[in-house]
Amino acid sequence: MNNHFKCIGIVGHPRHPTALTTHEMLYRWLCAQGYEVIVEQQIAHELQLKNVPTGTLAEIGQQADLAVVVGGDGNMLGAARTLARYNINVIGINRGNLGFLTDLDPDNALQQLSDVLEGRYISEKRFLLEAQVCQQDRQKRISTAINEVVLHPGKVAHMIEFEVYIDETFAFSQRSDGLIISTPTGSTAYSLSAGGPILTPSLDAITLVPMFPHTLSARPLVINSSSTIRLRFSHRRSDLEISCDSQIALPIQEGEDVLIRRCDYHLNLIHPKDYSYFNTLSTKLGWSKKLF
């Protein structure tokens, strides 16, 4: 056994028996290789593992060198928002539909993971967004996002009137169904479906993509990731929310603003040595093929 990674966490929320089988196979293989393994508590319960080290996501982040997330992109996003707070590397085995963030093929996962554990991997730092719903005399409500923060109506779809300030300078106003504020990681997710640009992961940029704007002149905007975005709203409005990675929703009350900025920490995402972002675009999203 090498010394690139000593303690490995197994993470995920299995929805299908095949995913649970992958968790069990991974656990037994890592133990046979001599690694210290920490299993997320829910997985250990599902597998009926006895007398094995278990932990929460936070405990895995504190104790392990590498977290292996088994599942789809949703599982990866949910785990990564917590794991990013810690100095831990993260890689994924795809057991979902698209698997844009989960690189390892479940049929060849052990061989690919073996190469990674021997130090043959590519490391990337992916920044997160922090979203705050705030008012002067109220406590802030805060969440984070790997992909995007989305402004949208709370229950029934309707048009929203709002203003956007960038670094406290008025940028534009809009009447639309909402706004997608995306990281480069999220530029191939919801933002892409709304007509936003694809940003390569290394770019220090944030995109603002309108959702069904009531004007022909509204276009996506790309700004520096060091900028702070403030959203202000008309007082005459129905319930609004912001959602983070389509997994966490924060309600917006009357008189409250939304502040969105880059997080102070980042996700350490690793890939197999032969990983290519543009190849992933081609295979996962049907990006155009080579002509010759």
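Cβ coordinates are placed from backbone N, Cα and C, and glycine is handled just like the others.
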Additional site residue, Q247, Q253 [criterion: listed by Swiss-Prot with D73, G74, N147, E148, H158, R175, D177, T188, A189, Y190, S191, L192, S193 for NAD(+)]: Q247
Around the Cβ of S193 (NAD(+) binding site), the count of other Cβ atoms that are within 10 Å: 11
Extent of the NAD(+) binding site in Å [max Cα distance among D73, G74, N147, E148, H158, R175, D177, T188, A189, Y190, S191, L192, S193, Q247]: 31
Neighbour-count leader, CB within 10 A, recorded positions: D73, D177: D73
